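To start, the structure under review is shown below, and the notes come after it.
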Amino acid sequence: MAKASWDKEARQGLTLISPPFIYALLVLAAPILTILTYSFLTDGYLTVVRDFTWDNYIYAWTDPIVRMVMLRSLAVSALVTLVTVALAFPVAYYVSFMVRPERKSMWLFLITIPFWTSYLIRVFLWKVILGYNGVINSSLTGLGIIDEPLTFILYNVNSIVLTLAHAYAPFAILPIFIALEKIDRSLLEAGRDLGESKAMTFWRVTLPLAMPGVIAATMIVFIPTIGDYVTPELIGGGKIPMIANLIQVQMLALDDRPKGSALAVSAMLIVAVVCLIFLFLNRRFLKVRQ
Amino acid sequence: MSDNRYDRLEAAKPMIECREVHKYYGDYHALRGIDLTIRAGEFFSLLGPSGCGKTTLLRTIAGFEDIDSGVVLIDGKHMEDVPANKRPTNMVFQSYAIFPHLTVAENVAFGLRRDPRTKAEKAQLVEEALAMVGLKGYGARAAHALSGGQRQRVALARALILKPKVLLLDEPLSALDRKMREQMQVELIKLQRQVGITFVLVTHDQEEALVMSDRIAVMFEGQIAQLDGPEALYARPATRRVANFIGVMNFLPANVVSETDGVVTVEVPGLGMVELPEKQISRANPDDDGPTIGFRPETMTIVPANQTHTQPRETNATIDEVVYYGDMTYYDLRLEGAEGPNGQKARPVRISMRNVFGRDVPEVGTRVRVAWSPGSLVLFR
């Protein structure tokens with residue numbers, strides 16, 4: 001009896017999840033498997049030869065340019081993540097703790113407004129703001145503060161970090177906001193009641209309890225920024241390529257799909273390992289059940 | 001609860017003093033001139049229905065609410081500019097507020113951060129505090145692995161380890177089931193006697209307040225309606241509203257016949273002429289319903305047909321309803337002589353009697369004799 005009804009439930013469940021499951025298989029698993037396969041094959045001229053080889057991985061892990069670009073990607077992503085999360089926390093804190101409850105959804109709505117335009121357009125807009133004849137330079141020149149347009153504000157790492165931090169801000173604000181919202185406010189009163197100042201209560205109670213949100217925000221920002229391809233191209237002016245640009249060059253410009261695939265798989269592995277180490281270091285915050 | 005304790009508390013110095021405390025939330029007047037002295041070592045309760053301001057008053061004492069006017073003193077010191085973390089009070093929150101990211105021992109040790117003692121000494125203190133609340137050996141447990149009763153004990157240990165002058169308890173038992181609640185009531189009383197700290201309890205449960213407190217302040221709409229010991233509060237409520245909030249009380253309309261030397265003679269339909277001395281008269285009666293006689297259900301008993309009663313007065317009545325509770329039975333009675341002027345049926349009064357083995361519970365419709373004593377009546381006028 002019980003088994004039969006479970007079977008029925010299981011069938012219903014399978015029916016429900018099968019469309020998204022098939023979809024996920026097609027758009028996620030299949031491409032990844034293709035890339036994985038390519039990465040072990042040999043590049044022929046304008047074609048892929050079906051000969052197994054490790055050469056692509058030897059290239060990906062020994063070539064000095066690849067290593068330099070990979071390290072730069074990690075550094076830029078880490079910097080972007082740091083800046084984004086550090087700026088997102090006060091915003092999330094403000095909305096969660098200072099904004100009146102009935103106004104919170106309006107604030108969240110305002111925070112997501114940048115998403116109304118496409119990512120590409122937002123990146124272009126930053127170019128307009130930071131460019132040689134851009135908003136900042138023409139204003140400063142017009143005001144007579146500078147004689148020559150500033151050149152250090154575009155086509156460098158700073159401008160990439162600025163653009164990416166802006167683009168990913170809502171992704172960081174929302175998980176931190178949710179973690180802060182879950183904190184029972186009487187815990188903060190308990191911290192005060194037990195003799196701690198507001199600052200110490202934040203340090204000993206609020207921050208540890210908000211850590212799951214901070215960790216989520218970190219991952220959500222770090223993982224996509226390391227693979228970002230548009231911003232280094234447009235804002236970096238193509239002079240400071242990141243790993244995604246290198247993959248693009250291999251895949252499309254040089255038409256060396258096996259090397260490009262090996263780079264992509266290696267980048268995925270590195271990101272996965274970095275994330276796992278990060279999660280491991282923060283495991284005590286993730287075990288907390290509220 | 002000995003006379004000894006009562007005398008000692010009577011002579012104790014004031015620990016908390018509230019003078020003309022007013023608190024507004026926008027237009028809402030939450031505390032309307034609270035005047036109150038809580039003595040050192042007392043188990044004091046703030047009792048009232050939800051929204052009466054009792055929790056606001058507790059949070060005011062704790063320092064979580066600013067007051068709009070008035071004075072709060074703790075141990076003789078003005079608290080106006082003293083923030084919550086600098087007050088000699090600690091609180092057991094209604095939700096217990098156990099830190100979910102810390103173990104039981106870390107929770108209990110939370111307030112010891114700036115204590116100059118060594119780590120080993122602090123660990124010893126934590127062990128002692130946990131043993132005191134019956135949680136010996138629970139130190140390493142995660143907070144989420146605790147039951148409601150255990151959480152409450154952790155909250156108690158965490159507050160008491162700091163040796164506060166006042167322990168504030170915000171409806172600490174309301175989340176527990178009945179058995180656990182009754183057990184914790186006894187444990188809290190014992191604990192309070194043991195540590196000697198002033199306890200201030202907020203509760204909406206009149207029974208809980210009566211069981212645990214040395215004195216109780218009954219609050220309605222931001223004001224203290226009556227402040228008294230449990231017996232006085234129960235036997236001689238100041239107003240009908242207090243009487244209704246604390247237990248059950250029957251009310252009968254009364255006509256004042258004469259008044260000499262403080263003794264009031266009233267005529268009560270169903271009970272006859274009664275003389276009431278000063279101590280049985282509550283003069284503060286804002287209910288404005290005219291003079292009313294009140295009595296508790298257990299002060300009137302049905303006399304078995306073949307027995308003579310021991311109480312001085314006797315009345316005839318008809319049983320209207322019988323509600324059997326196992327150890328007790330409630331009877332709704334219509335007193336003879338209490339009928340309305342146009343022959344309407346008398347409004348039933350409720351009495352309660354302990355069930356005795358071998359004695360039959362009378363049936364509905366039976367005419368019975370009931371005995372009562374004028375000494376158990378209260379006149380509200």
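A Cβ is built for glycine as well, from the same backbone N, Cα and C atoms used for every other residue.
TrEMBL: automatically predicted annotations, no manual curation.
Annotation source TrEMBL lists domain 'ABC transmembrane type-1' at A:70-280.
Among the features that TrEMBL reports, transmembrane segment is placed at A:21-41 (among others).
The feature transmembrane segment is assigned by TrEMBL to A:74-95 (among others).
What TrEMBL records for A:107-132 (among others) is transmembrane segment. Counting same-chain residues at least six beyond the ends of the transmembrane segment (A:107-132), those with a Cβ under 8 angstroms from any Cβ of the stretch are 91, 95, 99, 149, 151, 153-154, 159, 162-163, 166-167, 169-170, 173-174, 177, 230-231, 234-235.
TrEMBL lists A:152-180 (among others) with the feature transmembrane segment.
Cβ atoms under 8 Å from those of the transmembrane segment (A:201-223) belong to residues 77-78, 80-81, 84-85, 88-89, 92, 168, 171-173, 175-180, 182-183, 187-188, 190-192, 271, 274-275, 278-279, 282, 285-286, 288, 290 of the same chain, restricted to positions at least 6 beyond its ends. Positions annotated as transmembrane segment by TrEMBL: A:201-223 (among others).
Same-chain residues lying 6 or more positions outside the transmembrane segment (A:261-281) and placing a CB less than 8 Å from one of its CB atoms are 35-39, 56-57, 59-61, 66, 70, 73-74, 215, 218-219, 222-223, 226-227, 243-244, 246-247, 250-251. The transmembrane segment annotation in TrEMBL covers A:261-281 (among others).
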